[in-house]
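What follows is a single structure, written as structure tokens, with notes after it.
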């Protein structure tokens, strides 16, 4: 579906989105990431524990009413959970909160404590140091909060899979099982469950999903182009998304998408070009057999990294603050709507705000 959208010119059309809508959309997504990540650092049981507390309070009744009235306003639930957490510090877990705050400070200001001549250190060393120290502390302090947990491994001895080896077997890649092409294309039970057996409706739904999913990717790419000068091509991104999702189907993976938080963390750790995704993918493949070393890593530490990555963008959105007059109204309205509903609704609302306000905006006087 993404490839068809690229061929049809949807990518070029998407790039014509007004700047005010783009900036507001980006800020709204950043707020969503922020309010989702904070609970993992304040509660031993993470967001699940927070949801339990909220459900047992009057806030839960209000949320139930919102869900029944506006089911698509998922952001409202997340934001209200965040404020409930802030207003009830007596429910916080002491150990995870201390760890969370310490990791935020380490990642935010740790670079200033490193040697001044740190050319030999990779960018984002403070992130690695904070995560490593949190993992060691988790092991030796019998940490009771949520951790990454055991990471599934692959059975390279399975005869149905293929595993590549290098250097006489010293380096062995995880095995990958390819699904049968006929089952991928023909055995699609979701058609019967959700679309009444209509492949046409499935294609329509897939196309809409691809278009909406691309909006988040567009927001991320536009932000990096503005802030870091990393150019991008909408048709290329759409085609890449389509090819990635196609390969994901053949190996039984989830659809491939973009993530603002992961992209910001990637930039924080030194990414400067599109090659970062290839390097990350290769490192993940090669290091997967050894990733259980992160099993005891506290989720509070990982949440701290994500919070630090979006912190400045949430509280000091320079590009959004630069907007003036009607553009400022459009940008902030788009951002708030995105944060309190969903990226899809927020983006659509932003376009509506733009259409209405630009229509009624007085034209500049000419001499």
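Every residue, even glycine, has its Cβ placed from backbone N, Cα and C.
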Give the range, chosen from 91-109, 110-128, 129-147, that TrEMBL lists as transmembrane segment.
91-109
TrEMBL annotation of transmembrane segment - which of the ranges 3-23, 24-44 it falls on:
24-44
Out of 300-328, 329-357, let me know the one TrEMBL marks transmembrane segment.
329-357
The transmembrane segment (91-109) touching the transmembrane segment (329-357) per 3+ Cβ pairs under 8 Å rule:
no
